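Participant: Take this structure first; my questions come after.
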């Protein structure tokens, strides 16, 4: 957390306790606004987490983020629900005690999503086994099931929880989730039969109609159209674009099977849901006597089929009331309005009891079979403070619940603060705060509170109405500073109230309640004969919900508000036995920060009271080792390593920083800093120090890396040198060993040179021969017949001395004889070659290229035939004769040899003049080129490239 203090001007502080103006609600709002605009939706107030609903998906809930927060100090990373969940989990494991997380806020603030995130974190962070994975899956999938049956669309939220939920997650000593248990509070059963405009019934009804397959709907007698069911269209918004009922149906259907609901249980559960829809379509008419009779028999048929109750019994239960007079039982017919009341009461009772059965069934699936002691983390996702345009009985109960939780919150917060101060040996300073006990007493005080008056009106004989209840309140509450009615109010206040309203000044502000419906909703009566009808059902869930063992005395059952008061007292006892953690959810207003709306929520969530309690003495506290580890670079004595105890190091540090005595206190394990500005100054100094530290650390690190690289290179060079030297030494050793062997063989051969050839002297003798022949090459005699000029051979070659000249003479004699045997024809060709050489060598450029082609008589026969034809053709002898020939040198040599005119051949370089006809001459220019061609040049001469011509004149 301290690391983000430098950016506090832009994104605010991460802990509101560090606000300098901690008593200013405006400063708190400004800090929340800054963080919200930077998508930083979480803020601390000590260990309390404030969460703003961003109304969009953020990328801060991935597996990677879970791993980041796992096992990390609470204030080490930015505020997050994962940080709180991890801190609760690690504290539970280390201290082996029970904890709970209270998640509160108004509808649409994100309470349900927050509880999901906590469950998902524990599902990932806890140890995994096949058994634990099974429990984890059930814990996770219990959410969509309970949301389907207990959540609905309201004006403020498309997935509003219409019941309070407390879930215990049980862990073993290793931190594995081994079980769970769920408690539900005050399901809003009235929603089953009535919804305000813009709201819907519970999700499961729409999911069944939209997602159930055709066969299931036929079996249930339903149509795929919500408009056909009276209980689904009162809010006039059966279809909502932001809700995918069909997809959610698949999730719920899959979750039920994983939570171990049998197929029979699932069929009977959906039969009950369908029966509620059919029950809502039951209509009544008035007979001749003014009593109610059923109008639509088909709906009664489906009710009978789905619930397994005879039609006649159902009809009587819906249109008659059973009255016991002495020993007789009389059935009194209903009027239409009473029949409608009985129908709606039955629908609410069926759904409410089925919901309780569903919660118990989920608990059976989550039950831990191991009886050994387990630690528990509780999750309380409960409705927040509600203020609507018209507030009724449900809002009264919900706000009473929030008053009790606020009272508990203040008590536990003050208690924890006092305990921490006492534990650290710091003197406790009294904290001024608003104690809402006066409001709680106004609601729940025995015989005098609003609940007592309401129950009294519901249970007393006579005609009790909502207005008589209001009159009783005015009698008993008149003069109370937190209670006012239209009658008791001053002239200005009366203008804002109706005659049937009363107003309570809650800790969160004023709320005006309309008393209409208070008595009926509090009674929630179900006629005894209707219960008897339901007990005849063949549906096992209905039988379980309406047992024969249920007390059926004439004594009226407890009212709804009394039951809720009792369950709330039980919840308070449960929470008081555990260590508390808090999450306050705030609804900014659909993606934008509405100051008025947020200010209202900050007020009724008690954030200012909590902040005052946390800032009563000291704004900041940290353990000595954590504080010293962060700020020790600021003091030369503590940097880089303090050798004494952490408390002594902190004391040395704060003295060096110049803390005044009234700015801090040293506890047993923590340092307490009174003012945020002291911490901010320390953090700013640390921020400046970090640059110098970073430079020094970089220099050290670069030196360390350079030294490491040098050592590695030196080690590598040494290894290479060692390998190279070893290899060269081995080569030298092998060479020397070979030389020794050669020398030994040479010496041994020399010693045995005069002996017959054997393996020991063979190599030496071969060397002697080779050496002699090498010398002989340069010292041969001048004539073959000179026998005395030959070099003296070694003894081993004495036998060769007389035979070598003979062999040489024989060789030369054979060569002469072979040359003398050449045929006459070849001799003639050689003579012509010699003649050609004398005529053209050194005169014609391409003569050297013709030497490699021996002369052949047959090759120029065609040329002579052409020549004869041209000479005898008189038309061709008008000028000089020009001929072309492929074998030029061979043809000219032959012509000159035949005519014995070798001197007539002239090789002309560059150009030739010739007579085309008498009196007319021409020129031919010659040159070498890349490609052979003939063409007329610009000067009128005939240009020949790489073509060989000879010129024979007329003579």
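From the backbone N, Cα and C atoms, a Cβ is placed for every residue, glycine too.
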Participant: If you check TrEMBL, which stretch out of 568-590, 591-613, 614-636 is marked region 'Actin-binding'?
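Facilitator: So the range that TrEMBL calls region 'Actin-binding' is 568-590.
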Participant: By a Cβ-Cβ criterion of under 8 Å, what residues six or more beyond either terminus of the region 'Actin-binding' (568-590) are in contact with it?
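Facilitator: Hits for the region 'Actin-binding' (568-590): 32, 36, 47-53, 55, 81, 84, 87-88, 91, 97-111, 114, 156, 166, 183, 185, 376, 378, 380, 384, 400-401, 404, 408-409, 412-413, 416, 597-598, 601-602, 605, 607, 610.
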Participant: Starting from the Cβ of residue 106 (ATP binding site), draw a 10 Å sphere and report how many other Cβ atoms land inside it.
Facilitator: 25
Participant: Just how many other Cβ atoms lie inside 10 Å of the Cβ on residue 107 (ATP binding site)?
Facilitator: 21
Participant: Looking at the binding-site residues 105, 108, which one has the fewest other Cβ atoms within 10 Å of its own Cβ?
Facilitator: 108
Participant: When a 10 Å sphere is centred on the Cβ of residue 110 (ATP binding site), how many other Cβ atoms does it contain?
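Facilitator: Neighbour count, Cβ to Cβ under the 10 Å cut-off: 23.
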Participant: Applying the rule Cβ within 8 Å of the centroid of the Cβ atoms of 105, 106, 107, 108, 109, 110, 111, 112, what extra residues of the same chain belong around the ATP site?
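Facilitator: After dropping the recorded site residues, what remains is 53, 157, 160, 384, 585, 587.
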Participant: Looking at the binding-site residues 109, 111, 112, which sits with the largest number of other Cβ atoms within 10 Å of its Cβ?
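Facilitator: Max Cβ neighbours within 10 Å, all protein chains included: 111.
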Participant: In the region 'Actin-binding' (568-590), how many residues does DSSP assign to helix, to strand and to coil?
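Facilitator: Going by DSSP assignments, the region 'Actin-binding' (568-590) contains 9 helix, 8 strand, 6 coil.
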